[in-house]
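Participant: What TrEMBL shows for this protein is this:
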TRANSMEM  61-79  transmembrane segment
TRANSMEM  91-112  transmembrane segment
TRANSMEM  124-148  transmembrane segment
TRANSMEM  254-274  transmembrane segment
TRANSMEM  294-314  transmembrane segment
TRANSMEM  335-355  transmembrane segment
TRANSMEM  361-384  transmembrane segment
TRANSMEM  447-467  transmembrane segment
TRANSMEM  514-540  transmembrane segment
TRANSMEM  546-566  transmembrane segment
TRANSMEM  599-616  transmembrane segment
TRANSMEM  628-653  transmembrane segment
Amino acid sequence: MQSSNNDPFQEIPLSVAAPSVGLPLQVLLHLHAHLTPFAIIAQIGCFLLKFHILYPTYRVTLLALHFVSVLVHIARPVLGYHGNLKGRIPSLSAFWILSALLHLPTLLFLGLNPDIHPLPLEQFFYFLDSAFSSVELIIATILIRLLANRQMELFRKMMTEAKDKALFEHILDQICSSVPPIVLLLTIQLQLFFLWYLPARDVQVTVEEGEPFATRFTGFESSLTGANLLSRRSSMSLRDFEQLVKKRQRLSDWVLFPVMLGVPPFIVLFHSQITFTYHQQALFEHILDQICSSVPPIVLLLTIQLQLFFLWYLPARDVQVTVEEGEPFATRFTGFESSLLVCLLYILGALLGLYPGHLIFTHWVGLLFWLSLLSIFTAFLLLFTPRSPPPVSPPSPSTDDSSISVSAPLSSADPLLASRTPSLVSQFFYGFHLQPVLLNVDVKSFLTIRLALTFWALFLISAQFVHRRLSDANFSPFSPLITTTALQLLYIVRRQWFEHLLVDGLDNKNDRAGFYRIFSVLVLLPTVYLVPVTLGAISVDVPQRPTLICAGLFLFGLLCQYLNTATDLQRHNFRRSNGDLKIDGKDPFYICVRFRKKSGESATALLLGSGYWAMARHPNYTAEWFSFLAWTLAWTQPLAFVPLAFLTAILWVRTKRDELRCLALYGHFWTQHCARVPYLFFPGF
């Protein structure tokens, strides 16, 4: 079907909109595109030539800046060609923004900053590139203005022609229509019928200027009849909410692939840059030595073997885990005992002189590399492992601690189900299995709980050996390093002691065992959260908080971690008892929710609105945030606040995701719960 001539949003040929502007811009883009490969080669080559004389901060900064510059070099011609040939204002606007706000400032910084020692060759290409970009920017500005004026003219013409013609026709059609009087008469008849015949108590109304009369207050019931809360449909249905969750969860493969390639090297560079004053080596030389060292893979293999041995042979009660997308399996919650034994063995070996106590700290970059490879290998292995068939008749939820059910309640919230045929990149990134089991080992829990938290604890212990070796100061029980280490060790102990809360948590039920979940918990989060300890272990001459403040922060952190555990335990015990639990000596308030699982089966859930969960809908997030705040405020370095900022972003994104999931899954039940508990994180805010 051909588009109408009055459509203001149709593509405008350049011969109509800007015949004298489109051709020069096209010629410039063509010449610039042929210049770009030589400019990129010169840019990268000059950066490598002068890398050894750059200040360490500029090395990392310029590496990221050159990477962004190459991406902009690739994106600009594509947007310019598309916008210029098709006459599309959005593409030309994106081309203009990239040129004016990102490309030109980057070229000026790289070519004119004397601190980065620009070479004559790269200055020549920067000048040539800037000249092309400046002229393209001016021509693109003129072209965007001409296209916008042309579209406005078409829009005004269409509206002027349609306004006079359609206005009176619409009014006449509405007046002559039989629908409005029929609707009005039916509504009046229904309201009179409900007023006379709905059962209600007669109420005597006394009027000053007339006789008293009896009436019935049934307005609410009559308005809801035929469309109660369970059967009414609004303009936005639950299916619409599911689609909204799906869109928010979906990421393009063109985004996922660069993330998977760029984040692991960035984490290695980030930690290496922080510990630059400790290893006293050139940055890339240190990273190469760590990767080629035999110590990290040996440590990783020994830790995995010890954890598997303790998982299989430490005495503990078997817990049956029911998975919606696979067969039930038995596991043992011995994460705390196994991690404690590994840490004690590490301390014993260091004290006996079998290896230096700072072994983990010194080889942490190599461990990050091998842990990243482990994440990639596991994601690939699980990607090509066939999914187990679901149980024929899943058992009903148990009220004791010998059984845990793990299921993804909302199918549309799963990123894998964002399309009917997810790509391999999406399956690799988000995961294919919800709770994979290999050799009777829960792979996701083993990597993200046992292995990740064990290496986190080993790094904390190793950092104490490093600090004792570098510092001559007397031991202080409430120094910033001791305070942060103690609070983080308590955080690890608490999470492993209550391992069943992690397995039964929303993150474990919704995040599949893919690269995103495994790499984030195994590599990304420990490295970011350990920034204060890393800085404190190698910094011996920086200003520190007074002992009294550190002691107060330690007590505050203890309180926050207690509240975090108490809130999670209160909800867990309440749901395990099916609501038959006293809270503060009283029967709790809760809403019984009916919903459908991913498999289509009807199920119920309990939304708790008493105790800690009466103050806010996410009190556990609030307590966890204040726990991080306690060990962050012990430091004066600005970089120590990176974990708190990172956690803030994570909790906010997780909260919005959970709110959308619950709204799509529970519908008006969740709306009632939000009316009962109106605050997200803290009462009054």
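Along the chain as shown, the residues are counted starting at 1.
Cβ atoms here come from the backbone N, Cα and C positions, even for glycine.
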Participant: At a Cβ cut-off of 8 Å, and with pairs 6 or more apart in sequence only, do we get at least 3 pairs between the transmembrane segment (254-274) and the transmembrane segment (361-384), yes or no?
Facilitator: yes
Participant: Near the transmembrane segment (514-540), which residues from the same chain, at least 6 beyond its ends, have a CB less than 8 A from one of its CBs?
Facilitator: 260, 263-264, 267, 270-271, 274-275, 277-278, 361, 368, 371-372, 374-376, 378-379, 382, 427-432, 444, 447-448, 451-452, 455-456, 459-460, 463-464, 466-467, 470-471, 473, 480-481, 484-485, 488, 628, 631-632, 634-635, 637, 639-640, 642-643, 646-647
Participant: Under an 8 Å Cβ to Cβ limit, what residues of the same chain, 6 or more beyond the ends of the transmembrane segment (546-566), are close to it?
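Facilitator: Counting only partners 6 or more residues beyond its ends, the transmembrane segment (546-566) has Cβ contacts under 8 Å with 476, 478-480, 482-483, 486-487, 490-491, 494, 498, 612, 619-620, 623-624, 626-627, 629-631, 633-634.
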Participant: So, does the transmembrane segment (447-467) come close enough to the transmembrane segment (335-355) to give 3+ Cβ pairs below 8 Å, pairs being at least 6 apart in sequence?
Facilitator: yes
